[in-house]
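Marked as domain 'DRBM' by TrEMBL: 15-81, 131-204. For 331-498, the entry in TrEMBL reads domain 'NAD(P)-binding'. According to TrEMBL, the Mg(2+) binding site annotation covers Asn562, Glu940. Residues or ranges marked as ATP binding site in TrEMBL: Lys569, His760, Val761, Gly762, Asn763, Gly764, Asp834, Asp835, Arg836. TrEMBL lists Arg642 with the feature substrate binding site. Feature annotation from TrEMBL assigns site 'Transition state stabilizer' to His732, Arg793.
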Amino acid sequence: MAAPTSMQAAATTDPKTELNHFCQRYCQRPVTKADISYTTNKFGNQYQSIVKLDCIQGQEYAGHLCLNQKEAEKSAAEQAVMAFRPQMASLPPPASKDPKKKKERPRLTPAELAAKKAKQAEEGDNPAVTPKTKLNALVMKIAKRYLQKGETIYETKTYAGGGHQATVQLKALPGDWGNRVWAGHVSSTKQKAEQSAAEIALKQISEDPDMVAEAAKPKGAGKGKGKGKGKGFGFMWGPWDWQMMWGAPSGPNLPRERITEEPVNGEVLEWKDSFGWLKTNASIDHPSAKQREGKIYASKKDVTSGTIETGSKVCFYVYKDAQGLGAEEVQVGRLVAQRLCSMNMFQVHGVLRDKEKAKWAQGVSGLKLFEADSRDALALQEPLSNANAVVCTTGVPAFGIAGQWEKGNHPESVDHFGVKNAAHVWSSASGQKRRFVLMSSIGVTRRDGFPYSILNGGGVLDAKAKGEAAVRELAKERGFAVTVVRPGQLFGGPYENNRYLGTLFQLDKDSSVGAVKLEAGDTAVGDTLRSSLAGVLVRSLFSTQADMEFAARCSDLLLVLNAGSSSLKYALFSITGSPGRWSRVVHGLAEGIATKTECRIKEETHEGKKVHKVDLPDHRTALSRVADLLPGKDNISSVGHRVVHGGEAFKSSALIDERVLQAVRDSSALAPLHNPWNILGIEVSAELFGKNCPQVAVFDTAYHQTMPPRAYMYALPYDLYRKHHVRKYGFHGTSYLYVAEETSRVLKKPLDKLNIIACHVGNGASMCAIKEGRCIDTTMGMTPLEGLVMGTRCGDIDPALPIYLMENLGYTAKEVNNLMNKESGLLGLCGSFDDRDVEREYFEQKPRGTLAKEVQIYRMRKYLGAFLVALEGQVDALVFTGGLGEKSHLLRTLVCQGLDRLGLEINEEVNQAKGGRFSDNTRLDTQRHATQVWVIPTDEELCIAQQTHMIVTHDMLTQ
Ligand SMILES: Nc1ncnc2c1ncn2[C@@H]1O[C@H](COP(=O)(O)OP(=O)(O)O)[C@@H](O)[C@H]1O
Ligand SMILES: CC(=O)OP(=O)(O)O
Ligand SMILES: [Mg+2]
């Protein structure tokens, strides 16, 4: 029978003893020190302990801040006991050391055991560590990377009689596992249903020997040489250290009350597009904490720095509102340490002179701090000797004013001797020594000239040059690789320990030029943001190049190219500040490329619009003409490309390398009007902006990767899918992603609760059914030919038609392809691909124009009906976008005509205002029905810019 553990007992027993007893009963054996360990950290005069229960899946509980270590440990134990309280009553008594007694101990029957397990599952061992979180962690371990958006797909069905059942698919798993779908039990809420599906998937995956072996392999194993687990990287932290910036909180939607005075450390349990759930490392003692099962809500708007993903370590203030606890001013922790630690590949040693200054490090697991002065060889030995690589970021202020060079802490001793000493200690020790990354400064080799001669007034550049030379000499002698990174004047956080005027007064607090440009040697001029520099330093650790020497400076220009069949859209963004404040320095459109029509480049800057009449015989010429018109060409830090087809290989945007480019080439046949020009755009950009300029591919197909198999499978022999990836992919995904996020914003409804039918109607046209923010079906197929009637594309036809054309009318395959892609659609039906001509004919009641319009609209309405049903009638908004969607009131009128009984009704006065052309989000419906109708002008370029920036900064830290 259950042991009599009561609240009363808990109140009188020491919590550490109670926790010991509980663990013994839980594990059915005596527990040892190895099973329950306490770690205590000191914060000022106070102590906080974390108890780790290795006997219960390594769960950790943190206690409150206390006046001494003993109380802190008790408090941690108390937290653990509280978390397990629900399970205590149902457990058998403690295990006895007496073997005879052990036999007598009443055992649970299998049925009781099953009931117990079910109960535990229902209640959750620890509200923060749910099966979903565990599953995510396991999949990341197997995939050896962060999970991308859309790779973990939960779908929930709600039964008419009540109850929810969820399925989960984990696309990041290798091979066939990525296609499996696990279904959970029918549960009372959607959340529980998802947890149940996760639990079942978790069980099966963790019981499969192959998957277990895969999870146990270190990152990179199998591909390279050694087994190499646990490579250590030593880090020197100095006054030129880095951290993320603190930004201003964004405006609250509900009245908030901040309940923490200091920022707290925590982790992202789950991150969706616009919001997520966090947990604090230490539990929050507040009545509202229970409202969301201990989870803390965070909106994207409250994230002030860094990119948030599941598993990120974060730092934030906690507030309370009517709904429960939320997080604001969410920061991604110190970049380098956090990234390196979270990669789970390294033991990271941080070396600094004063540990007390590194309070932020408390939340970073896997980081070990050491106190040592870089000039103290003895003290450096422990942290550096077994490291495979060192990143050295020490430095002193350039001038010894106001006692800043006290205690012999001047350039010669730190920038020269300290650096040399660290390199010497590290490289003298046994073991593999790979790379020494040294943060130096621009101007080191130009220190005799203006303005560097002034900066060198105190000898700082002389000392840095000597430091560089010393490391190089040792490297030659001892055979390790060297990276010398030369930043410009550093700016941005951290502000503590920095005494430059700009940073002292935090004048640059609002700047966050995340982009950084690398230039070989020492010719660059400019400033460098600390967090970007941190990324560069980390990235250089992973380079295979033996020796590198480059300057790193901020550069805020990001170019987006959207190359289409006869046009090239481009936008040059200045990416200073948050994405909401990015501005277009110039954007434009080159049209008429390789056609017989007149070619021109239309550009728009802050000063107005210009049209350049130019000869554009091919896409290459168009690209270089556009590049000639770009201001600040040399400052472009990265280029984002719209790539139409990414096949199954790309579920999200990717940094372009030879492998990615080849995969895009492989998909070219599937998007013949687009991919070839996208590839050319990438190749020409490499020539124009240099190989150091990172390029990112943003795929039209990526957003649609959440479609369920029932929507993307064609009823063809299965092997065609398995072996040749024949399936529906869908396009215009970047546009749908943008439109879905905008709709969520204007409707003030969270993206994951939002159902929309979106129509992207431009020259190419498609529709998309979006359920809870994700694509569940779309009209385009394996290629952008399927679905709607387009400018020159036919859309849906009888699949037997091409065969008929070939077998009976003598067409070749190439001719059929040309016919369907370039000679059909509106052009085929009425002689013009431009909808403006078709509309004119329609209003003039010309038969062919009317026919073209009617076929086009009828096809859209057919899909509208299909998607209304796919969304079970629950549609928050019908959204129009793309050239026609934004500018043709006729199209919108005809699509919605007579559908008021289906909840779709347009207010014609609004629809036709401004000539029906809208460049702002505009609501069009009569406001009489649940379904709203909107024009949301798409901004594929901004979306591409954001993705590019995210990938480039992320890449710096992880590649
Ligand atoms: N005022 C208008 N009325 C109707 N259609 C328009 C109007 N302006 C532009 N369009 C249509 O929009 C198309 C271009 O849309 P867009 O989304 O920019 O094309 P793409 O598919 O090339 O990206 C043109 O081919 C034209 O048919
Ligand atoms: C995929 C596609 O058709 O794109 P666009 O509309 O830009 O031609
Ligand atoms: Mg387009």
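Cβ coordinates come from backbone N, Cα and C, glycine included.
Across all of the domain 'DRBM' (131-204), the predicted model scores a mean pLDDT of 78.
The two recorded residues, Arg793 (site 'Transition state stabilizer') and Lys569 (ATP binding site), have Cα atoms 20 Å apart. Screening the binding-site residues Val761, Asn763, Arg836 for a C-beta under 6 A from any atom of ligand 2 leaves Asn763. When secondary structure is read from DSSP and collapsed to three states, His732 (site 'Transition state stabilizer') falls in the coil class.
A simple way to gauge crowding: the CB of Arg793 (site 'Transition state stabilizer') has 27 other CB atoms within 10 angstroms, across all the protein chains here. The ATP site in the record is lined by Lys569, His760, Val761, Gly762, Asn763, Gly764, Asp834, Asp835, Arg836, and its two most distant CA atoms lie 20 Å apart. Across the binding-site residues listed here (Asn562, Asn763), the residue whose Cβ sits among the most other Cβ atoms within 10 Å is Asn562. A coil conformation is recorded for Arg793 (site 'Transition state stabilizer') in the three-state DSSP classification, outside any helix or strand. Between the recorded positions Lys569, Arg642, His732, Arg836, the minimum number of other C-beta atoms within 10 Å of a residue's C-beta occurs at Arg836. Comparing the binding-site residues Asp834, Glu940 on other C-beta atoms within 10 angstroms of each C-beta gives the minimum for Asp834. A distance of 10 Å separates the Cα atom of Glu940 (Mg(2+) binding site) from that of Lys569 (ATP binding site). Among the recorded positions Lys569, His732, Asn763, the residue whose Cα lies closest in space to that of Asn562 (Mg(2+) binding site) is Lys569.
A Cα-Cα distance of 10 Å separates Val761 (ATP binding site) from His732 (site 'Transition state stabilizer'). Secondary structure by DSSP for the domain 'DRBM' (15-81): 26 helix, 21 strand, 20 coil. With a cut-off of under 6 Å between the Cβ and any atom of ligand 1, the recorded positions Asn763, Arg793, Glu940 reduce to Asn763. Distance from the CA of His732 (site 'Transition state stabilizer') to the CA of Arg836 (ATP binding site) is 22 Å.
Taking the C-alpha positions, the distance from Asn763 (ATP binding site) to His732 (site 'Transition state stabilizer') comes to 12 Å. The residue listed as 'substrate binding site' and His732 (site 'Transition state stabilizer') have their C-alpha atoms 10 Å apart, to the nearest angstrom. The distance from the Cα of Lys569 (ATP binding site) to the Cα of His732 (site 'Transition state stabilizer') comes to 15 Å.
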